[in-house]
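Database features (TrEMBL):
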type     : residues : note
DOMAIN   : G:75-147 : domain 'Cyanate lyase C-terminal'
ACT_SITE : G:Arg88  : active site
ACT_SITE : G:Glu91  : active site
ACT_SITE : G:Ser114 : active site
Number of protein chains: 10
Amino acid sequence: MNRMDVTEKIVSAKVAKGIRWEDVAGRVGQSKEWTTALCLGQMTASAEQATILGDIFGLTDEECKWLQVVPYKGSLPTAVPTDPLIYRWYEIVNVYGTTVKELIHEEFGDGIMSAIDFHMDIVRAPDPKGDRVNVILSGKFLPYKQY
Amino acid sequence: MNRMDVTEKIVSAKVAKGIRWEDVAGRVGQSKEWTTALCLGQMTASAEQATILGDIFGLTDEECKWLQVVPYKGSLPTAVPTDPLIYRWYEIVNVYGTTVKELIHEEFGDGIMSAIDFHMDIVRAPDPKGDRVNVILSGKFLPYKQY
Amino acid sequence: MNRMDVTEKIVSAKVAKGIRWEDVAGRVGQSKEWTTALCLGQMTASAEQATILGDIFGLTDEECKWLQVVPYKGSLPTAVPTDPLIYRWYEIVNVYGTTVKELIHEEFGDGIMSAIDFHMDIVRAPDPKGDRVNVILSGKFLPYKQY
Amino acid sequence: MNRMDVTEKIVSAKVAKGIRWEDVAGRVGQSKEWTTALCLGQMTASAEQATILGDIFGLTDEECKWLQVVPYKGSLPTAVPTDPLIYRWYEIVNVYGTTVKELIHEEFGDGIMSAIDFHMDIVRAPDPKGDRVNVILSGKFLPYKQY
Amino acid sequence: MNRMDVTEKIVSAKVAKGIRWEDVAGRVGQSKEWTTALCLGQMTASAEQATILGDIFGLTDEECKWLQVVPYKGSLPTAVPTDPLIYRWYEIVNVYGTTVKELIHEEFGDGIMSAIDFHMDIVRAPDPKGDRVNVILSGKFLPYKQY
Amino acid sequence: MNRMDVTEKIVSAKVAKGIRWEDVAGRVGQSKEWTTALCLGQMTASAEQATILGDIFGLTDEECKWLQVVPYKGSLPTAVPTDPLIYRWYEIVNVYGTTVKELIHEEFGDGIMSAIDFHMDIVRAPDPKGDRVNVILSGKFLPYKQY
Amino acid sequence: MNRMDVTEKIVSAKVAKGIRWEDVAGRVGQSKEWTTALCLGQMTASAEQATILGDIFGLTDEECKWLQVVPYKGSLPTAVPTDPLIYRWYEIVNVYGTTVKELIHEEFGDGIMSAIDFHMDIVRAPDPKGDRVNVILSGKFLPYKQY
Amino acid sequence: MNRMDVTEKIVSAKVAKGIRWEDVAGRVGQSKEWTTALCLGQMTASAEQATILGDIFGLTDEECKWLQVVPYKGSLPTAVPTDPLIYRWYEIVNVYGTTVKELIHEEFGDGIMSAIDFHMDIVRAPDPKGDRVNVILSGKFLPYKQY
Amino acid sequence: MNRMDVTEKIVSAKVAKGIRWEDVAGRVGQSKEWTTALCLGQMTASAEQATILGDIFGLTDEECKWLQVVPYKGSLPTAVPTDPLIYRWYEIVNVYGTTVKELIHEEFGDGIMSAIDFHMDIVRAPDPKGDRVNVILSGKFLPYKQY
Amino acid sequence: MNRMDVTEKIVSAKVAKGIRWEDVAGRVGQSKEWTTALCLGQMTASAEQATILGDIFGLTDEECKWLQVVPYKGSLPTAVPTDPLIYRWYEIVNVYGTTVKELIHEEFGDGIMSAIDFHMDIVRAPDPKGDRVNVILSGKFLPYKQY
């Protein structure tokens, strides 16, 4: 058994039972973004969270233990994603990558925006011309230092 | 001559003269995100904007014309970026890609978040534990339709 | 279980029972292009459509539920397709890619032809020198905007 | 000197002089699709066409001769295109590739849609919800034969 | 079930029963080249041919139906083949590719040698210095046309 | 200076002077296939041949010396060729690769068809349904031996 | 069943029974290099050799038949091997590749060192500073010829 | 200036002056294998050796200094070499890679054959059936140790 | 059965029983770094160590034998790792790679730092600004020699 | 002009003048590791440091300004490095990658070792059996948090 087996079982149960990620997040007591990433095999659960997920998705004890093991992260099957929704994000990185780099360096100097001390919030923004997906990414700035 | 020559000249002039992207944006009258992407060869200028940029960076008439030609977009030299700042964004897409997909579909149904009817805002969020880079991405939701 | 299992079962049943895509489309009440893409795991069915497909291909309730889940899209096993029929389309993109780009920009300005607000129609055009495959692609033009 | 030098000179002259592809096609006496592909280094000119293009873009005799040499075709710098407009076409091939294959085989049997005995027509389709790019692809069906 | 399962069963039966491709071709009534390609999952059988093959290799009715479905073609596991015999052919394409292109264009003008309206004949040519493999490739010339 | 410079100069002179490969081959006294491969940087000339080529293409003494140096072979810019004419040959290797392997082994046993002790002949075969490109490949069979 | 299944069974039996390749070679009556390559799925056995191997590793009749079928060669899972021992050989090819080419051409002219009419011998060379692995590679020189 | 410029100058001078690697090695006082690798930019010269090479190939003082700088090694333009002579070596690694690994481990245990404490000797072995290229590779065995 | 099966069983047992690598190392009597690499399929056990591991993880005799076979090394599923923790190490190699090369050569001359005669120690360094991961890598310097 | 031009000029001057990185670091007042990375185009200089480097390497004012611009990082020409010294580090990541991941997670929980809040120290460790390269890597542990 490995973590991918557990992920596949969770996703299968979700489809079979018609569960919503938002409701899972409510029961876990964390954001829908982090909770979904956890269920999709990218984050690590506490023992309590694992028990709650085991209850929701009908997992065995051993499967619940796997949720508490730090997973090998990376959720995409190819380096350039083929799925159109995910590709648009890759395209943003590709088209705006150097722009993002220039502007963060102009404001903060040499360093990076952390993808670890990081959170994300995805919200619907109603708009008469068509609703929008608004996403807030927040990452701590980590400066390169001299030594 | 091609657009990359113009981009390289702009970046060279920026370093030599110590120009800030934010000031360029102010003179162009658009956001710093769009303006920087324009200067880095990813967007298309109007005739007036091209003249302003020509003035700022010392471009010839022919170079100004190139700014008004739609460029071949894509700003990264490799499919997986090696630069740590840009890589963190790629990592976010890789680790959270399936999460983003699940949550947008749960809220909106099948479709994508547009990378064309799209804007981005990068801001500094002061924080006593270390300032954060906050980014707002906003893309129109475009539904897949049956036909 | 995942969507690929359902796709494989549909294709297997189609071969075993000698079903035609055009007939499936007739029963689903949509075009043959969209319906085939749905059956091949690229589109999302409504509950009614899933029931009809379940009836045609002998699917279980759980399999019908999977048809209503937005799939991870992308139908090709390699970035450059090896199948000669599909490769010819890739070749058209490769040989004519910059031409298409130039002409759409000349007519519409900077932007893209949507692959989401999109439909396709494949028809036989009788021709004494050999019948032709005619394809109509129709995608909404989405302009890049300044911000 | 090689064909790419000639292509680059043509594109440079086009930008400097503000020439439209459609007008070039009018003078060459062929469709805008074929003529643009010719100018972008993908097709082969006759002597008369080369002279006309030489006149329009200010080419030397030797450059005109290169237009009459069959070029090494392929207009994209990477196997998966990074430019969003061209990528959307790649995405159509990727998402709909197996659908196209199924439907052409269902109608015609085993074989391909030619990319050589082929033409393409790109037109604007006015639409109150936003104009559309309509493209007609027409390729002769070539059957695989037994031997 | 899919075509690859049928191919694997055919190859397995061939080894177990010690069948020769040439004899299979004799019973099918086509060339050994086309028949072998059919058995290896690259071509499409008629109903009669499928019945003959089913008889030779002990296939079920459903497996025979799969032989009549147009397969997803491409017989190699990697883009550059590792098998020395097949690699030599790849090497010929790599070393002589531009030569072949020049000579066909010199004789025929712009166009291609078809890989669809195509046949191949592999024969032993006795030679005192060591027998030779002689291969005749024959493909219809398809000219690019202007439009 | 390197061999590619010499190749580029030869091809440039060929276009400027309107020379045919077949005529070059006639003066060199070898087949058009080998001679073209030599001119395209894949084969090695004798001193006499180099002198003849120098005369035809206007090469310097040093350039003639480079023709006598064994080149780094491989004439294609990408592992999978983008040019349609050359791709068709790659496609033949991909679709028929395992067939070729099976039939040569059935006839000769384990070994390869040499790409070194090899020659190729490209001829036009008139045909009322459209002329054909016929190619004869001839390579010595080299058996694997036990030791 | 395929050859890889047989290879995996042989390797499994070797580990379970503690068999040495050298002893297998002794019973087969060939070198340890060729015999090991045979057992690892790269070479083709005679009927007698297959029987001996079947006896040593406990193979069925059908598995023994597979040993007599010419395999699809290539023993590495990636183009650049990750295993340190095998990588060192790849590194030698990468670092010394052009050197080997220059020296063989200087001695023999244009041609190759055969990898088919080839044998290899791996021996321990005792050395007070640490024993050495000495390898003798021997391949027939095959000259390119003009035609 | 960089090492590749020096390599290109050395190779150019070698062709122009008709120098043999073996003679260069004789003057340098090392083996032809090491000396050629040095001239091709893979090894590092002492000051004396650099002076000798400078004399042979007409190098400037600065170019001689570059010969004494440790180069970025790797002599091949692609991960899988396209040149037939070098490819055969890659093929040997690919086909025999696991065999070499098994036999060295059987004799020496876990570890590698060094590619650094390594030397190579390429010799002609006269043979009535065609002369052979014999190569002796010698690398120190370096054991993995526990810690 | 193969080594990967054993690795997967060990990791599964570790999760199910809540075993720590450090405790495994204590029982094996080696460092936690080497022992973990052994359990993850990268190193080779002695008979005694295999027995201890078999006892800890509940392995069969045959599985214990596999631990004593030199494995095919390489622990990552892609050439560029997607997991953020492992990627950071790849990033260090990418960003600092040429720096490491320059400084080792400046101190030691031409050669490498061995990855075989090598050990690694990972320790926690308490720090009021956030604890640090300190890693000591130690590899024997192996000089390139002339021959 | 761009940063790579400056890097190339620095390296060229270093070779021509025989400068040592350690001495450069002494004058800059930082570690040899950081200073070398700066000179090789991976780090960002302060104005004072740029002036010192300009003095050492004979840089113009504009070149000194480039040293103060945050560079596009990544120092290797290929994803898998070909240079043996750098490859050994890649190999360590490949072989020990999962080990490093397991042990850091066992000690610290889910998170990463920073490559930004990071320093490195390369030292010679005298050893009678051959001196060793000892490297200390120190990166702050950054925990993934729930949100």
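Heads up, the Cβ atoms here are built off N, Cα and C, so glycines get one too.
All TrEMBL annotations are machine predictions without curation.
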Cα distance (Å, whole number) from G:Ser114 (active site) to G:Arg88 (active site): 21
Cross-chain proximity of active-site residues to J (CB under 8 Å), evaluated over G:Arg88, G:Glu91, G:Ser114: G:Glu91
Collapsed DSSP category at G:Arg88 (active site): helix
Three-state secondary structure, which DSSP defines for G:Ser114 (active site): strand
G:Ser114 (active site), number of other Cβ atoms within 10 Å: 20
Number of other Cβ atoms within 10 Å of the Cβ of G:Glu91 (active site) across all protein chains: 24
Neighbour tally for G:Arg88 (active site), based on other Cβ positions within 10 Å of its Cβ: 25
Filtered G:Arg88, G:Glu91, G:Ser114 - active-site residues with C-beta under 8 A from chain F: G:Ser114
Segment confidence, the domain 'Cyanate lyase C-terminal' (G:75-147), expressed as mean pLDDT: 98
